[in-house]
Amino acid sequence: MYYGFDIGGTKIALGVFDSGRQLQWEKRVPTPRDSYDAFLDAVCELVAEADQRFGCKGSVGIGIPGMPETEDGTLYAANVPAASGKPLRADLSARLDRDVRLDNDANCFALSEAWDDEFTQYPLVMGLILGTGVGGGLIFNGKPITGKSYITGEFGHMRLPVDALTMMGLDFPLRRCGCGQHGCIENYLSGRGFAWLYQHYYHQPLPAPEIIALYDQGDEQARAHVERYLDLLAVCLGNILTIVDPDLVVIGGGLSNFPAITTQLADRLPRHLLPVARVPRIERARHGDAGGMRGAAFLHLTD
């Protein structure tokens, strides 16, 4: 059996998958925030419960936000303070007496989608998350591409390209990002960025779901906003595609539930690509909340 953990700032979610990659059982517990020992205990107790339930010693994979393993073997995960700065993989491997695999949660999302039966035909799969932030991962022949610093796929921290500023207006504000830089595309293309753009142009503070509801009702202002957002997304994604040239782009995160993102994006891309470039297939993520657990479990299938 394959155990996949999706660990975030508020919850530890475990999914158990069989050899056919089907989910057999899942459980969630709160993430301990202050004690590393309590954090390790929470993970180990879930593993012990799964071992007992299925009568086996399952493999363990973990997806977690941040850099899963720095050069000295420690984890950097600001959203999981109890474990950040600790040798998490080594400690869990020792306590569980088995090989523990660890990767960035966005890579696990992308891996989950790349291993979907419909998508395994594509050699290079790009996962793009449009949620609280903007991120993603790259999967080549079923394996994550991590890079030297584990930052492959940090698309949200690319800066707005010149074409975007020309389109939006040269007086368009370059917002300061949590990373310390200005103009990162995450501040405009995330769910929060989607709402910020609406407020910037129409001086009305509305959350993304309400804007989308207005769009569905035919509201002209909301429709103009969505057109502008999609144009901005196409400019930024065009830069990424020129570098990566994937066969498939799978979009996840809260904004992926908005059909216009996947149905109207492809037609906007060609003018932002080289003439010889082919627009990749663009699809909405298939596995929803289970994607992180699923991808983490499949880390043991990438050998």
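Every residue, even glycine, has its Cβ placed from backbone N, Cα and C.
Swiss-Prot names Cys177, Cys179, Cys184 as Zn(2+) ligands; from the candidate set His157, His200, His203, the record adds His157 to that same site. Its Cβ taken as reference, Cys177 (Zn(2+) binding site) is surrounded by 17 other Cβ atoms within 10 Å in the chains shown. Checked against Cys177 (Zn(2+) binding site), the binding-site residues Thr10, Gly137, Ile139 differ in C-alpha distance, with Gly137 being the nearest. Closest by Cα distance to His157 (Zn(2+) binding site), from the binding-site residues Asp6, Gly8, Gly135, Gly137, is Gly135. Note: the Cα of Gly4 (ATP binding site) and the Cα of Cys179 (Zn(2+) binding site) are spaced 29 Å from each other.
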